[in-house]
Structure formats: structure tokens, C-alpha cells
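Taken straight from Swiss-Prot:
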| type | residues | note |
| --- | --- | --- |
| DOMAIN | 9-90 | domain 'PDZ 1' |
| DOMAIN | 128-215 | domain 'PDZ 2' |
| MOD_RES | S148 | phosphoserine |
| DOMAIN | 243-323 | domain 'PDZ 3' |
| MOD_RES | S250 | phosphoserine |
| MOD_RES | S334 | phosphoserine |
| REGION | 348-374 | region 'Disordered' |
| DOMAIN | 378-458 | domain 'PDZ 4' |
| MOD_RES | T451 | phosphothreonine |
| REGION | 479-519 | region 'Disordered' |
| COMPBIAS | 482-503 | compositional bias 'Basic and acidic residues' |
| MOD_RES | T488 | phosphothreonine |
| MOD_RES | S489 | phosphoserine |
| MOD_RES | T503 | phosphothreonine |
| COMPBIAS | 505-519 | compositional bias 'Low complexity' |
| MOD_RES | S508 | phosphoserine |
| MOD_RES | S510 | phosphoserine |
| MOD_RES | S511 | phosphoserine |
| MOD_RES | S512 | phosphoserine |
| MOD_RES | S514 | phosphoserine |
Amino acid sequence: MASTFNPRECKLSKQEGQNYGFFLRIEKDTDGHLIRVIEEGSPAEKAGLLDGDRVLRINGVFVDKEEHAQVVELVRKSGNSVTLLVLDGDSYEKAVKNQVDLKELDQSQREAALNDKKPGPGMNGAVEPCAQPRLCYLVKEGNSFGFSLKTIQGKKGVYLTDIMPQGVAMKAGVLADDHLIEVNGENVENASHEEVVEKVTKSGSRIMFLLVDKETARCHSEQKTQFKRETASLKLLPHQPRVVVIKKGSNGYGFYLRAGPEQKGQIIKDIEPGSPAEAAGLKNNDLVVAVNGKSVEALDHDGVVEMIRKGGDQTTLLVLDKEAESIYSLARFSPLLYCQSQELPNGSVKEGPAPIPAPLEATGSEPTEDAEGHKPKLCRLLKEDDSYGFHLNAIRGQPGSFVKEVQQGGPADKAGLENEDVIIEVNGENVQEEPYDRVVERIKSSGKHVTLLVCGKMAYSYFQAKKIPIVSSMAEPLVAGPDEKGETSAESEHDAHPAKDRTLSTASHSSSNSEDTEM
């Protein structure tokens with residue numbers, strides 16, 4: 001019976017700040033999690049999703065019997081790409097009526113499909129590069145990490161399976177059928193199942209995995225390339241190194257540097273209240289890894305002090321707090337790899353040049369050195385009365401556009417836009433060098449909603465002075481808010497929250513008859 005049904009694997013990818021272009025619903029008297037309202041030209045349409053499809057798996061995890069809120073959360077936490085296994089509506093209803101085990105429905109077909117797939121050519125016929133391996137840090141809850149280990153006949157290595165929905169492994173970014181490359185920094189590609197189980201058991205309450213998903217593993221196999229651990233994605237780790245830029249005050253930087261008796265390297269101590277070090281976000285017990293882009297892990301105390309002095313009136317430190325240091329030590333990864341990864345917007349921590357004026361209206365004061373102030377914002381605007389509630393301005397002869405005349409209580413105000421905000425991206429496309437008319441056209445052609453990456457004037461001047469590219473990953477992620485496609489635009493309890501809490505990446509609507517979420 002199961003062989004008569006043909007589930008489809010749909011892979012969706014989107015840009016930062018955009019949505020997938022579909023609604024995920026549950027409906028009264030209807031089984032399953034339904035795909036609805038697929039937007040024309042959206043990632044959902046391009047991936048082959050159809051109206052009425054039922055979602056069986058998300059990133060390999062079976063979700064048909066899960067609560068709708070958990071299914072929505074799985075999609076949201078997938079970031080900018082997600083793989084859905086779906087079954088068309090008619091087939092789903094027949095399968096349910098005939099009591100077909102939906103969990104087993106796709107197994108043989110998925111394996112056959114995977115074996116048949118070949119890597120597609122990229123631009124100009126070039127082979128697409130393989131994705132990165134990734135580090136996942138798991139801290140046990142109760143007595144479980146929320147996964148099982150398996151071997152596959154005819155394949156080398158150990159794989160992760162039975163990923164528990166909302167369990168430790170899933171929250172850490174583990175996917176079903178991930179190939180296990182390292183356990184706590186030790187390669188296990190040639191280890192037996194029993195040896196890997198022993199290493200996991202001996203890890204105690206926390207463990208670090210270097211993993212490769214099945215698509216990436218197949219890509220490397222077909223291209224006959226090997227994994228490079230130094231290229232691993234670090235973005236899933238809960239604690240990261242920090243880049244701290246400090247400008248010397250009249251009394252110096254305002255901290256002491258000491259050799260830690262139990263900690264390798266030099267650590268920050270006795271930060272003075274109100275000092276430049278405190279304002280820049282430096283913390284007591286931070287471990288110094290690099291100074292002005294150069295590693296100091298092998299230097300003694302005097303060597304690190306000299307490196308800081310050479311910075312003159314400003315220095316840039318790469319530091320780790322105790323949690324981040326513990327995680328990177330467990331993985332046996334150098335924190336300097338963080339600077340080389342795509343997750344760090346500026347890519348390096350070299351000493352910045354002298355401040356230069358921003359292309360837009362120059363400010364009369366130095367940019368603040370408060371690290372928390374140096375963040376762009378992602379703002380998702382839902383049009384009301386055919387207006388977004390702000391004006392777009394530019395200075396003749398200069399690149400860039402900025403926000404003016406934000407209407408109080410309007411869509412722009414609700415989304416967190418402020419006067420003088422500089423427009424960096426429109427729907428994921430960088431527009432800093434685009435002419436004013438082109439930026440206006442992009443916003444107008446967005447339809448009912450638009451996602452803007454913006455930066456306040458002071459923060460913009462800071463990034464320009466440091467030659468730091470402004471990208472969406474630097475901003476706080478968009479959070480769920482009121483329904484963008486609901487039947488009414490009346491204010492809800494969300495409207496009492498601060499502006500940044502109202503910015504939207506997804507929208508939801510619920511009633512006694514249905515519950516749906518725009519993805």
C-alpha cells in the first residue's frame with residue numbers, strides 16, 4: 001500500500017530577512033499540517049510546494065503527529081534553508097483513511113532518490129561548492145541528548161538518527177542522518193559503532209560534534225574532496241568570541257591585564273567603572289586571544305602588553321568569556337577561526353583606520369564606542385492604507401538613502417524605523433551604492449510588506465570608520481509578531497511592546513477554526 005504514495009522532498013532557501021512565502025496551517029476537521037497561500041515567485045513555489053500539501057518531515061524529523069506550534073518552531077529555527085518532506089492532499093487523506101504508517105512511508109523512496117541525485121552545475125558550468133561541516137554543542141537534559149547512533153550497511157562511519165523533536169540535539173542544530181566526523185575534537189570517521197558510543201558515553205553531560213549533513217557528504221563524495229575542519233560553520237555554538245574595539249581615554253583604557261594562574265594566556269581584570277573598556281563591552285576574566293588581528297596565544301604577559309601599546313589610542317581585542325573558552329577548548333578549535341568564518345561580519349580584527357565621515361550627513365561628534373550601540377536593525381513593514389509611513393531621502397551627489405518623517409503609529413514606526421536611519425538592504429539586497437530612484441523602486445515593488453536592514457547614523461559612522469561591512473547577521477533576528485495577512489489590521493497586545501519587539505519575520509493568526517503561520 002505504501003508504495004502507491006509518493007512524498008516529495010522540497011528544499012527551500014531564502015535570504016536573510018525574507019520569508020519562505022507560504023502559510024503553514026491546521027484546519028478544523030482536517031488532518032495534518034497544511035501548506036497554504038503560496039506566494040508567486042517565492043522560495044516555496046520554486047521548491048515545488050503545492051497548496052494542500054501535508055508536511056511529513058522537517059529536516060528529516062517526522063512531525064505529522066507533533067503539535068502545530070512545535071512544527072512552526074522547527075521551520076523558524078532552520079534559518080535560511082529548510083527541507084520539507086510533503087505529501088499531496090489527496091494522497092495524504094487516502095493514506096490516513098487506509099491507516100498507512102506515514103513515518104515509514106518515505107524511507108525506501110528517499111534512499112532511492114538520494115542515490116539517483118547528481119550535483120548540478122553552477123554558474124558558467126562550474127561545479128557548485130560543497131556546504132560546510134558544522135559544530136554542534138549539546139548539553140544533556142535529564143539522561144538524554146535526544147538522538148541515537150546508527151551505522152548504515154555499505155557505508156563507512158556512524159550517523160545520527162531518531163532526533164527527538166524539541167530535544168537537546170535538535171535545538172543544537174543536529175539533523176537526521178548527519179554523518180559524525182568528530183567527537184570533542186577527535187576524528188571518528190574510521191571508528192566503529194561501539195567506539196563512538198563509548199566516546200559519547202564518557203563525555204558526561206556535554207559533548208561537541210563536528211557533523212556533515214547527508215547532502216554535503218554526498219557532494220564531497222561525488223566531487224572527491226575531503227572535509228576541512230577549519231572551514232566548519234561555528235554559528236550554532238551558543239557562546240562566541242567577541243571583537244571589542246576600545247578607544248583610549250584620558251586615563252588609559254581602564255583595565256588590567258594579568259596572567260591567569262589556572263588559565264592559559266592573559267586575562268582581563270579590574271575593569272574601572274565608566275572606563276573605555278567597560279563602555280566597549282570588555283568583561284572581567286575575558287581571555288585575550290588576539291590584539292589588532294594578530295594572535296597572542298603564544299605570547300607572554302609583556303608581549304601582549306606591548307602589542308596593545310603599539311595600537312596607540314585605539315586597540316581591537318578578540319576575547320573569550322569562560323563559557324566560550326570552555327566550548328572552543330572542548331571542540332579543540334582555535335577561536336581565531338571565528339574571525340575567518342562568514343559568521344563574523346568584518347572577517348578580521350585588524351586595527352581600524354582613522355575615522356572618516358559617513359557618506360550621509362556628517363555628524364558633529366565622534367561615534368559612540370558602546371558596543372551595544374553598534375548594531376544594524378532588521379525591520380519588517382506591513383503596508384497600511386497603501387503606505388509604509390515614512391519618507392526616503394538622499395543627498396544629491398552622494399550614495400545612500402536614509403529615512404525621514406517617520407509617521408507616529410505608522411508601519412515604519414511600529415517596525416522600529418527611526419528618522420536618519422540609513423538603508424542598507426531592501427529584502428536582502430544591498431542598496432548602499434544604488435541610486436535613490438532604484439531604492440525607491442525596490443521598496444515600491446515589494447507589495448504589501450518589505451524587509452529593511454537599516455543602521456542608525458552613529459552606528460553607521462562607526463562601521464564606515466572601521467571599514468566593517470554591514471550585514472543582516474549583525475542585527476537581532478526578527479521575532480514573531482501580529483498577523484500580516486489576517487482579516488483585520490487592528491492593534492493587538494503586541495502593540496504595547498517596544499518597537500523592535502514588533503518587527504516581523506513570520507506572522508500568525510488563530511481562531512476557533514484554524515491556525516496558520518506565514519513562513
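Yeah, the Cβs are placed from backbone N, Cα and C, and that goes for glycine too.
Here the features listed in Swiss-Prot are painted onto the structure.
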residue: S148; record: phosphoserine; Cβ neighbours (10 Å): 12
residue: S250; record: phosphoserine; Cβ neighbours (10 Å): 5
residue: S334; record: phosphoserine; Cβ neighbours (10 Å): 16
residue: T451; record: phosphothreonine; Cβ neighbours (10 Å): 24
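Closest by Cα distance to S148 (phosphoserine), from the modified residues S250, S334, T451, is S334. Cα of S250 (phosphoserine) to Cα of S334 (phosphoserine): a span of 35 Å. In the predicted model, the domain 'PDZ 3' (243-323) has a mean pLDDT of 87. According to DSSP, the secondary structure content of the domain 'PDZ 4' (378-458) in residues is 16 helix, 27 strand, 38 coil. Annotation note: S148 (phosphoserine) sits in a strand segment as assigned by DSSP.
Cα-Cα distance from S334 (phosphoserine) to T451 (phosphothreonine): 36 Å (rounded to the nearest whole number). Mapped onto three states, the DSSP output places S250 (phosphoserine) in coil. Broken down by DSSP into helix, strand and coil, the domain 'PDZ 2' (128-215) contains 17 helix, 28 strand, 43 coil.
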